[in-house]
Amino acid sequence: MAGGVLVASTNGRQYDGKVTMFVLVTCLVAAMGGLLFGYDLGITGGVTSMEPFLVKFFPGVYKQMKDESGHESQYCKFDNELLTLFTSSLYLAALVASLFASITTRMLGRKASMFAGGLFFLVGALLNGFAVNIEMLIIGRILLGFGVGYCNQSVPVYLSEMAPAKIRGALNMGFQMMITIGILGANIINYFTSNIESGWRISLGIGAVPAILLCIGSFFLGDTPNSMIERGQREGAKKMLQKIRGIDNVDEEFQDLIDASEEAKKVEHPWKNITQLRYRPQLTFCSLIPFFQQLTGINVIMFYAPVLFKTLGFGNDASLMSSVITGGVNVVATFVSIFTVDKFGRKILFLEGGVQMFICQIVVGSMIAIKFGVSGEGSFTHSEANLLLFFICAYVAAYAWSWGPLGWLVPSEICSLEVRSAGQATNVAVNMLFTFVIAQVFLTMLCHLKFGLFFFFAGFVLIMTIFIVMFFPETNNVPIEEMNKVWKSHWFWTKFVPDVVVDHDHKVVV
């Protein structure tokens with residue numbers, strides 16, 4: 001709806017329909033795109049802490065890790081640019097891919113992008129599993145990144161468009177749930193392959209399994225009514241809307257989707273359009289939410305957990321088991337968000353999660369400061385290590401029911417159709433850019449900032465929590481095509497959104 005036009009009658013209108021088994025199964029299959037991202041997040045840290053992998057590809061890191069001379073601080077044992085490039089190259093590739101994925105998603109449909117993502121990830125996983133040199137390893141990582149970029153761009157939009165407004169939050173969070181399951185599965189696989197000579201090949205190669213599942217699943221998915229209308233398939237779109245809503249009379253919602261599509265077609269350049277003042281709220285949140293999501297510090301825990309725990313003296317098996325524990329907490333806590341997001345709303349989860357993460361990071365940073373100081377020399381007793389693990393788990397839980405799932409849900413539900421692909425592409429691109437930056441600089445930051453790294457992230461958590469209090473309006477239970485009314489009623493964003501008037505045909509005009 002160009003220019004912030006809304007296609008609706010009354011504020012917060014609910015369309016007729018029921019929650020069908022078809023829409024639940026469809027969203028479950030589509031959410032498997034999250035498995036790819038999650039599996040890679042979980043597998044990378046475990047593999048980079050396996051000695052046979054380091055000996056083959058990063059002998060300098062292995063030598064540094066085994067250095068008992070005392071010259072090397074515990075904080076700096078894994079500080080190596082090539083090792084961080086292995087981890088972070090995927091996210092840079094995902095950033096580039098997300099920009100192309102927005103075009104594919106708009107012109108060929110959401111399911112075509114999901115299939116492309118699965119295919120890229122499949123080839124990348126196989127290349128990594130059979131890698132014989134560092135070049136093959138990096139090329140595989142880049143292809144994995146293309147897969148992640150395509151899936152992260154298309155899956156959240158697909159879920160938001162398929163789901164009824166009243167359970168849109170829960171179904172969209174299926175994506176985050178699959179991410180957490182992927183992380184947990186990867187941690188468990190790493191634990192059992194860590195003592196096998198070529199266990200790293202198994203860990204990296206198994207990434208082909210979720211990719212195959214997504215490729216097969218995407219063949220059986222129907223595309224969203226929004227996407228079908230956008231590509232001129234109105235008759236098929238109406239049948240699909242009837243199928244996912246479970247009723248024959250979907251005329252009111254269908255007409256709104258058509259009106260939205262007609263307005264969207266007037267927009268020739270969605271990337272240029274989203275920069276206009278009237279879309280300032282959408283652009284702000286599609287940019288700042290993924291930016292803040294990465295600066296919670298969560299990916300430090302997720303893809304460097306085994307390395308981090310090993311650095312803190314947990315030992316190899318203990319560090320991998322600690323990662324399994326935090327991965328399990330991640331899955332369980334995500335269930336909390338699924339059952340609460342549509343009941344209590346998005347804002348309360350953002351705020352509670354922010355406060356809890358802030359407290360946990362201050363405690364963890366303080367514990368490491370007391371035991372390791374600035375010299376990086378020291379160790380935890382068994383009870384102290386367990387206490388540290390408890391606070392890290394509390395931090396992971398807070399993220400998993402707040403910024404984790406909401407970081408994908410909110411940007412996918414706030415954009416009107418004409419800027420939706422551009423908005424989601426912006427979300428993914430910013431997310432991947434800062435995932436890349438954090439992955440690339442974390443080990444160096446740990447080496448130089450030491451325990452202060454946790455205070456660094458705690459500071460950003462405080463800033464983002466204040467931002468949510470001041471500028472985020474509740475979007476719970478609002479149909480996507482009526483979201484502009486939320487911005488119009490907000491004290492700050494109202495100045496950017498044009499006034500709207502409903503004419504005698506029940507269409508909204510500026």
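Using the three backbone atoms N, Cα and C, a Cβ is placed for every residue, glycine included.
Taken straight from TrEMBL:
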- 19-39: transmembrane segment (TRANSMEM)
- 26-476: domain 'Major facilitator superfamily (MFS) profile' (DOMAIN)
- 82-101: transmembrane segment (TRANSMEM)
- 113-132: transmembrane segment (TRANSMEM)
- 138-159: transmembrane segment (TRANSMEM)
- 171-193: transmembrane segment (TRANSMEM)
- 199-221: transmembrane segment (TRANSMEM)
- 283-307: transmembrane segment (TRANSMEM)
- 319-341: transmembrane segment (TRANSMEM)
- 348-368: transmembrane segment (TRANSMEM)
- 388-410: transmembrane segment (TRANSMEM)
- 422-445: transmembrane segment (TRANSMEM)
- 451-472: transmembrane segment (TRANSMEM)
Checking distant contacts: for the transmembrane segment (171-193), what same-chain residues at least six beyond its ends satisfy Cβ-Cβ under 8 A?
23-24, 27-28, 30-43, 46-47, 50, 155-156, 159-160, 162-163, 199-200, 202-203, 206, 210, 302, 305-306, 317, 320-321, 323-324, 326-328, 330-331, 334-335, 337-338, 341, 400, 404-405, 408-409, 412-413
Do the transmembrane segment (348-368) and the transmembrane segment (199-221) come close, with at least three CB pairs under 8 A (pairs 6 or more apart in sequence)?
no
Averaging the per-residue pLDDT over the domain 'Major facilitator superfamily (MFS) profile' (26-476), what integer do you get?
83
Can you find at least 3 Cβ pairs under 8 Å between the transmembrane segment (422-445) and the transmembrane segment (113-132), where each pair is 6 or more residues apart in sequence?
no
Among the recorded stretches 113-132, 388-410, 451-472, which has the greatest number of Cβ pairs closer than 8 Å to the transmembrane segment (138-159)?
113-132
Contact call for the transmembrane segment (199-221) against the transmembrane segment (388-410), three or more Cβ pairs under 8 Å:
no
